[in-house]
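First the structure, in the form of structure tokens, and then the observations on it.
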């Protein structure tokens, strides 16, 4: 009956640890119309040197999955219940895993995949082999092989031997549709009161067979009738607008079954007067007749009947379709009842009938409409006491996606959907709002159920319902979309836009230990004193560069002193901007980070060149060329290990090469052993310890403390290894010396220079210039 068609396969995509929603990997899929079942296949693997990890995957129709794997809470008023959401967790063992869905909705499906970060280590890029997780996925949809088209309002005869699918389309104004099977014949043209078939009717998706398991959302919009159990063979369904609707007829016997099927649509387009108004006028006339004809004994009964809350009509409620208005910014759009010149104001004011429910419809379009947060705000304007007396008005509302929500049998609430309410008891209770993150693409319904009650209900949980005396109540409705939550993420977060799987979406980047969709979950938030301590550590620890700066200027290493001072300032400014507590950014964070990384590597480079025993022209050339190369490398990959390793390796090679050359030329150890013992060895040891802390022990929890220690150790290391002041030689020494300058201490000159002969009385006295 079914054939595989329109299969989709996605190349392996890397999956990242989850810290915020921006880390998820999105996988897009498309289901075609007439797909009765679909199979998703997933396979995950990890780098060979790593232990297996667990992938968590969520599959959602119509919009991005809304999830909270770290159990962070959502802001107040957030709608977290999603339709057609499936989840799957599996190890990275290269085995195939499947998700089978019967009667999938046609349109866009999204899968969100991630792992959980357990160790939270900060790994140096290029030094440690990363554990990379990749996920392969594919989709195999199964389309209906044979479908019979039906026309509403026309009876047609059919003969079936096996389960057979029918489909039909409806107009937008259609409220409901009745389907009926008659003239059933089987077992050799014999007729009977019952018909051996099971009929299933579903809006927009093909009904699943009786033995298949379907989602609850499909069950809500389905109608199933077993015609073999009764005389009637028919039912009523709510069809989807502007889409195919399907009917499945399954015979319960092996013999052919012949029947006539008829679709009877109920159209509200021609109803000029609402059923509620007609029914209310008729009831009022009947009640007046009863009151005039009642005697003393029957008047009480008549009055009780008058005070009884009337039944709402079951069909053709007043409906308002909102117009979609786009704004220039991403994820910013809204809806208006009557689009006017002021398109930035999305508040629509209108009167709601108090004698029947009201429906508000609006449509979310693909693809940008689904990447933000849709907010619904409603304000019920309370009339004065002179108008409604002791009676208060309550609006019980529901926000539903895809299908029109029905009322419960008692007509006091809605059958399903996201429910909320307002009333006129107080100003605070007259306002309500809902937020839908990543709203599903398609048609949405906002149902308004009016109820009136008295304030004297006492301690009863259920109000004292009474008939509404007024005809209508005024409401102000605002429906609009923004990035994140009203373009904000609380006091401890920032709103960013991400792209994954070809889908653009907004998400909050939380700081200071705050979590959640709007950075409002403070259960793991850090205390103010802890954040202040970390900020002070990361900034004040740069003071350890100051001794190296002062010593460099004192020893006339002006270039090195300027670089150290710039490094200290860049680090202070960057960490002040990157802090969780009241960040202060004099430039863009990306620019400050670049300056911090660049000056740190240049400090290492100029220090090694200062230690090298080379001529001044060569030192200037190598220093300038190296700084230019470092600037390019840092811009290309500022966190890569080679950005630090290459300058360090080349600089050390130049240092030791020049020292070996000096040792051969002087035929003695160079530099002096005292410099090795007092300066070079302790400074190198501090630098190695600092590098070990920086590369191997930093985590997100101890970052402030370990990184501050790194600042202190590097600053002290520069102070110790900085060579002494260079001594310029006299003209007589220049003829005998290979190099013009050498970093030796003044008190060591007597150990390294021959004792000059005393000048004769006639010889000119040559005095060397002081250092």
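Glycine residues also receive a Cβ, built from the backbone N, Cα and C atoms like all the rest.
What you are looking at is a predicted structure, and each value in this text was computed from that prediction instead of being measured.
Here TrEMBL flags 480-520 as domain 'EGF-like'. Sequence-distant contacts of the domain 'EGF-like' (480-520) (same chain, at least 6 residues past either end, Cβ-Cβ under 8 Å): 13, 20-22, 24-28, 64, 66, 68, 70, 72-75, 78, 110, 329-335, 346, 367-375, 435, 437-439, 526, 531, 580-581.
The secondary structure of residue 510 (disulfide bond), as reduced to three states from DSSP, is extended strand. TrEMBL lists 510-519 with the feature disulfide bond.
Feature annotation from TrEMBL assigns transmembrane segment to 535-554 (among others).
If you look at the transmembrane segment (640-660), the same-chain residues 6 or more away from its ends with a CB under 8 A from one of its CBs are 124-127, 597, 601, 604-605, 607-609, 611-614, 622, 626, 630, 633-634, 670-671. Look at TrEMBL and you will find 640-660 (among others) tagged as transmembrane segment.
TrEMBL lists 675-697 (among others) with the feature transmembrane segment. Listed as Cβ neighbours of the transmembrane segment (675-697) (distance under 8 Å, sequence separation of 6 or more from its ends, same chain) are residues 124, 127, 706-707, 709-710, 712-714, 716-724, 745.
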Fill in: Count of other CB atoms lying within 10 Å of the CB belonging to residue 510 (disulfide bond)
24
Discussion item. Six or more residues beyond either end and a Cβ under 8 Å away: which residues meet both conditions relative to the transmembrane segment (535-554)?
Written reply: 560-561, 564-565, 567-568, 571-572, 575-576, 579-581, 704-705, 707-709, 711-712, 714-716, 718-719, 722, 725
Item to complete: Could you say whether, by DSSP, residue 519 (disulfide bond) belongs to a helix, a strand or a coil region?
Response: coil
